[in-house]
Structures are given as C-alpha cells and as structure tokens.
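Undergrad: I'd like to ask you about the structure that follows.
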Amino acid sequence: MNSLNTQDVPEFYDLQLLIDSFPIMLFMKGSPDHPLCGFSKTVVEILKNYTNDFGFFDVLRDESVRQRIKLFSNWPTFPQLYVNSVLIGGCDIVTLLHKQGSLQETLFLKTAL
Ligand SMILES: N[C@@H](CCC(=O)N[C@@H](CS)C(=O)NCC(=O)O)C(=O)O
C-alpha cells in the first residue's frame, strides 16, 4: 500500500491545470532534450516520430508533483503520457501503441476533438 496520501505533500501546482496545459502532455524525468531515465527517453523518441508539439513536466524538479500525480492518476511510475487530459499510459503502453500502429490515432484523433 502506498504510504503517501494527498494531504502529506503541499500543493504548489494544480495537477489538473498541468495535465490540461498541452493537448499532448508528458510527465517525465528530465527534459525531451536531456531525458534522465531510459523509459522517458524511449517515449520521447517515439513521440518525436509523430510530433514535436508536446508539453512536458520534469518530475525530478518537483517532488510534490512527482508524488501527487501518482495518486491523482493512480499510476505509480513515469513517464505518464496524457492526450487531451486523458492518461494514455507509460513507456510499455506507448511502445505497444507505436508498434501496433495506433499511436497516431491516439495522439491525433483525440486532439482533433
Ligand atoms: N513499466 C513502466 C516503467 C517505468 C518505470 O518503472 N518508472 C520508474 C523508474 S523511472 C518510476 O517512475 N518510478 C517511480 C518514481 O521514480 O517516482 C512504464 O511502462 O512506463
């Protein structure tokens, strides 16, 4: 069981605002130009096959966001990819969608809503 709960950490950032801040939003470790984890690096490399137009938030720069968003989205790891504020998943799911050929649709049909 996760020992953290949302009252334990200060809410400097409104998570929903962060998630909503770009149609394609990646919560990752490091930045797209300098990923600091292999999983984040993989997702950035895959995304760049489709678009460079995505937002990101480096969870290593804000421990509060890092911990709270895991609870908020019920997803315990990073990266976390959101499209139109909906959590798509992490590295495994993005890699699978890419290999299946459905990531384009996931990224662009949803953003065209
Ligand atoms: N299976 C995961 C792998 C990602 C993962 O294991 N991330 C770890 C190490 S970078 C993580 O975020 N741990 C929680 C944390 O560091 O706060 C995926 O598909 O994204």
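Positions of Cβ are set from backbone N, Cα and C atoms, glycine also.
In TrEMBL, annotation is done automatically, which means it is predicted and not curated.
According to TrEMBL, the record shows the following:
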- 24-88: domain 'Glutaredoxin' (DOMAIN)
- LYS29, ARG66, PHE78, CYS91, ASP92: glutathione binding site (BINDING)
- CYS37: [2Fe-2S] cluster binding site (BINDING)
Undergrad: Give me the long-range Cβ neighbours of CYS91 (glutathione binding site): same chain, 6+ apart, Cβ under 8 Å, in sequence order.
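TA: Correct list: PHE39, SER40, THR42, VAL43, PRO79.
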Undergrad: For the domain 'Glutaredoxin' (24-88), what's the model's average pLDDT?
TA: 97
Undergrad: How many Å separate the Cα atoms of ARG66 (glutathione binding site) and CYS37 ([2Fe-2S] cluster binding site)?
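TA: Cα-Cα, rounded: 14 Å.
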Undergrad: What is the three-state DSSP composition of the domain 'Glutaredoxin' (24-88), stated as helix, strand and coil residue counts?
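TA: Going through the domain 'Glutaredoxin' (24-88) residue by residue, I get 24 helix, 20 strand, 21 coil.
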Undergrad: For the residue listed as '[2Fe-2S] cluster binding site' and LYS29 (glutathione binding site), determine the Cα separation and express it in whole Å.
TA: 6
Undergrad: What is the biggest Cα to Cα gap, in Å, among LYS29, ARG66, PHE78, CYS91, ASP92, the residues listed as binding glutathione?
TA: 19
